[in-house]
């Protein structure tokens, strides 16, 4: 697949069907913790490219994937917090490895800091649009480039 990526990496970046990810993980559960050349696991990529159900499946299959850091020092929790992941996903990640909640990435940002930045951004967008709340969507690139 290139760049050290497994089929699971590629799938998790493209909104894969839950059944396909289940089948792949049944055959090769260790793929959930394999890191590509950027240090990303499938869980890192799923934070921006997969459904909540797929994110939770990856966490249940290999909870230790939540503590892997990519080349920027981000854990999947950093990406989930920056990208507006659901409360259920955020909670499951913290439960899988509580130490990641206060772990700074390469830019010195903790997941809590990124969660606050995402909330401020989404709230500002909602106010500008005349709404009360944002859609909770945001991406790593948007947060990192601020």
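The backbone N, Cα and C atoms fix where each Cβ goes, glycine too.
Any TrEMBL annotation is an automated prediction that lacks curation.
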Annotated range (TrEMBL: region 'Disordered') out of 49-97, 98-146: 98-146
Tally of DSSP helical, extended and coil residues in the repeat 'ANK' (72-105): 23 helix, 0 strand, 11 coil
